[in-house]
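Visitor: Would you mind keeping the following structure in view while I ask a few things?
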Amino acid sequence: MGRFLLVTLSLLVVAFSLNGANNCCCPQDWLPKNGYCYKVFKDHKSWDDAEMFCRKLKPGCHLASLHSNADAFDFSEYITDYLTGHDHVWIGLRDTEKNYIWEWTDRSRTDFLPWKKDQPDHHNNDEFCVEIVSFTGYLQWNDDSCTALRPFLCQCKH
């Protein structure tokens, strides 16, 4: 009987830990997803200042990287619920070399690029950082001047 109880209890612990693994370590006002915690910050910062702010939160934090339509829809809903204005939002994608090769600050694969029509364009040779565009429901991206002041989306590893 004791062995049965121990096995049952162990299985329950494993089941609960797996069920809550996505939510286990994120602060209350952060969005848990795929082993990361995400938060949109309303403060308006340049892209570089936003990335530095995210990095200072704790090791493993950066401006967010998005890798699928599912990510885009989840973040669209989250940002729409959180932001009251119509501000575009910085994410962690940048063309550092100014050659249309876009890279994530977390060094993850650049495998999903839902650009707004006619973007990216490096307008006036000044747009090398990426924002999620508010009037597309936060579903499409635009390149903009890295000095523009925007709210931003951070991601941190659990």
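Don't overthink the numbers, they just go from 1 along the chain as shown.
Glycine is no exception: its Cβ is also placed from the backbone N, Cα and C atoms.
Quick paste of what Swiss-Prot says about this protein:
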| type | residues | note |
| --- | --- | --- |
| BINDING | Gln119, Asp121, Glu127, Asn142, Asp143 | Ca(2+) binding site |
| DISULFID | Cys26-Cys37 | disulfide bond |
| DISULFID | Cys54-Cys154 | disulfide bond |
| DISULFID | Cys129-Cys146 | disulfide bond |
| DOMAIN | 33-155 | domain 'C-type lectin' |
| SIGNAL | 1-20 | signal peptide |
Visitor: Please name the residue among the binding-site residues Asp121, Glu127, Asp143 whose C-beta has the most neighbouring C-beta atoms within 10 angstroms.
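Guide: That would be Asp143, with the most Cβ atoms nearby.
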Visitor: Over all shown protein chains, what is the count of other CB atoms within 10 A of the CB belonging to Cys37 (disulfide bond)?
Guide: 22
Visitor: Could you check which of the disulfide-bonded residues (Cys26, Cys37, Cys54, Cys146, Cys154) sits closest to Gln119 (Ca(2+) binding site), going Cα to Cα?
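Guide: Nearest listed residue in space: Cys146.
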Visitor: Given a separation of at least six residues and a C-beta threshold under 8 Å, show me what packs close to Cys26 (disulfide bond) in the same chain.
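Guide: Spatial neighbours, sequence-distant, of Cys26 (disulfide bond): Pro32, Cys37, His158.
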Visitor: Near Asp121 (Ca(2+) binding site) in space, meaning Cα within 10 angstroms, which of the disulfide-bonded residues do we find among Cys54, Cys129, Cys146, Cys154?
Guide: none
Visitor: Closest of the recorded positions to Cys54 (disulfide bond), Cα to Cα, picking from Glu127, Cys129, Asn142?
Guide: Cys129
Visitor: What is the total of other Cβ atoms whose distance to the Cβ of Cys54 (disulfide bond) is within 10 Å?
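Guide: Cys54 (disulfide bond) is surrounded by 26 other Cβ atoms within 10 Å.
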Visitor: For the C-alpha pair, I'd like the distance in angstrom between Cys129 (disulfide bond) and Cys154 (disulfide bond), rounded off.
Guide: 15
Visitor: Going by DSSP, is Glu127 (Ca(2+) binding site) sitting in a helix, a strand, or coil?
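Guide: The three-state answer is coil.
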Visitor: What does the DSSP secondary structure composition of the domain 'C-type lectin' (33-155) look like, as residue counts for helix, strand and coil?
Guide: 31 helix, 37 strand, 55 coil
Visitor: Inside 10 Å of the Cβ of Gln119 (Ca(2+) binding site), count up the other Cβ atoms and send me the figure.
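Guide: By my count, 18.
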